Amino acid sequence: MADILSLKESVLVYLDRSGGLQKLAEDCKTFNDPQQIEAVYRFCISVNPSDVIEVDPVLGDRVLHDPIGATALFQSVCFLAIKTLSLVEKIHTESQVNVILKLTHLPPFPEYTMDLCSFPRGYGPMRPVSMEGLVIAMTRVTKYTQGARFLCINDDCSCSTGFHYIRVHAPGATESATVRNNFTCMICSSPLKEDVKFRVLGDKQLVELIHIKALDVLSAHQQSSLRYQSVTLFLRDELCNSMRVGQLYRVLGIPAHVHQWPSITWSVEANSVQPWEPEYPHKVSASFQELLKATAGSPWRFSAIVAHCFGLDVAPPGTYNTLKLSLLLSLVQTRADVKDTYHNLDLLVVTTDTLILDRLMTYSLSFACRGVRHQASGEMFASLSRDEHGAGTANIHAGSALLATGGICMLGDLGCYKKDKLDAIQSVLESCTVAVFIPGKKYGEDADQQLSFPVHCSFWALADATDASRRSGRADCTLLGTAEMGPVPVQLADAFGLVIQCRDTVGEQALLAQTIHTLQQAVQPGKPLYPSCWEFSTQDYHKLVAHALTLQVELSAGAEKIIHGYYMASRRVRTQSQGVKISVASIKLLISLAEAHCKLCLRAQVQEEDAVIAVLLCENSVTLRHGASALVLPPDAVFPCDLGDVDGLHKRDKTLDELHQNILRFIYAYAPGADTYITEE
């Protein structure tokens, strides 16, 4: 008894020092409404385990290893404080005080961390643990019983009135454990009956959490025999709607065994939820640092060599350079941080050789912080099922796009999709949201409901132009009209924004080079096929992309003038001559491309040269869809020549400088008011 009193004194000291008593008094004010009479009154108390241990190590041990016992101590102290200070007159017994201890953190030791990959589960102590994972499914918010009042049916018994029998929800308890009809009075053994008007309801939501490594199975790059199992989280009251499908979270919770006859399931009662971002290595490798120093004299060369040497496991150097650069730009630009800031760069590739480009895009997918390859037979956005934990409500499962939040969702060949799927993709690309319809009758609700979920990922897709070109009989000439998009409607191509056409520019030579490359890879795997002065490993590229993702860049005045001027000039020219409306989304695409090129070059400020690359990519993309404009560019404007030697790099610099001047002349000639910020010289 003396030990219990000592612990209660420590609880009182901690509440006084931490401001808990003052918060308790403030919370009690909301319960003083005379019209509001309930069986239990819920109080959330923030508990810092480190501070508790400083006050009393025994109490700290109780908080970390016996949460139910610690809750009982705080409940007793809070009840005494409420009665002593006359904070709530309607509270008569200690059982009416429902205390929830909210832990601020746990000690950073392995004993308090649960790896969602570890098995078996459920044999350890039922105490708070920390876990990190990805939300793959969640239910709608439903009701549960926080507390209920029971009365003895024997009128002569003293328990037929008052608040002697109070049932309160405990971690791991089902609804039938809190409220049922077979309780008996401890005094006269008569049955107890619930006083329904005193029942207190709360909100409940179920969430499925899985280890982040489970996405490796969906990337289609690393084949593994491992299978991952999700964990069911119970979110209650203020924690409801604190998690979103496809996001990463760190959860403090108490594992519990949920008894659902004839089985027992293992789940976790969430105590606190925080957004979480895994840490990636951010340091650029020595090889790329040396390259950065060697190319410091040119604003174009670093990114050119990086793209030229990228993906040599799939395609020989010098092939698909524009696509490689675009993939790298999308990789370094796509992210969604804990502040809900979202950046993306969608990419549609039109080609007659889908096999090699599919391999190249799959290879690039492994460099994304989160990459998901969608299978045409799977669910792209969201699917519904009935909750298996007794509520019977709708359980919303994340599809490929939601699982790829903050990363890349690779759609593959769009020719494999039906029209309704293509329409859904276009809608999501335009609105960045997906709507999920929930029929009420099927899932136990009175009315139908439609929920919207944000889609924060970049989409990569392929379009096979072989069949379309054969049907039309048109030559492949992007300067004289629009390119063949295969099964892709122009509206869908416009929704993607950046469209890249990979053309076979050297005919049989390119086919021969690719054939030799594939055979050498099969005969001598892992051997460097193209020895040169610059050799970069796969790990070097991983570090480069991870570092570039973290860079915060800002537009310079020169870059902003080029982007704004090109947009205004292009909008004016194409509207007048072609009747094509250039949407405001084009500005977002231009800025995104310029920022991505700046990051890839490891700079902090977007220069004019970054804006020029953005304009060249964007103008070629628009030309593919709607034909050429007054700004006439070569089909491969970003890589107009071979980069096999220093002369090639020098020639490219000279060509890009000329294109830079052509863009300025185009802006000066067609953008309204351009003469105020661009000189004729």
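Cβ coordinates are placed from backbone N, Cα and C, and glycine is handled just like the others.
Keep in mind that this is a model prediction, so the values were computed, not measured.
The domain 'MCMDC2 N-terminal' feature in TrEMBL is assigned to 7-106. Taken from TrEMBL, the feature domain 'MCM AAA-lid' covers 545-621.
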Per-region confidence, the domain 'MCM AAA-lid' (545-621) (mean pLDDT, whole number): 89
Residue distribution over DSSP helix, strand and coil in the domain 'MCM AAA-lid' (545-621): 57 helix, 4 strand, 16 coil
Secondary structure content, the domain 'MCMDC2 N-terminal' (7-106) (per DSSP, counts of residues): 59 helix, 14 strand, 27 coil
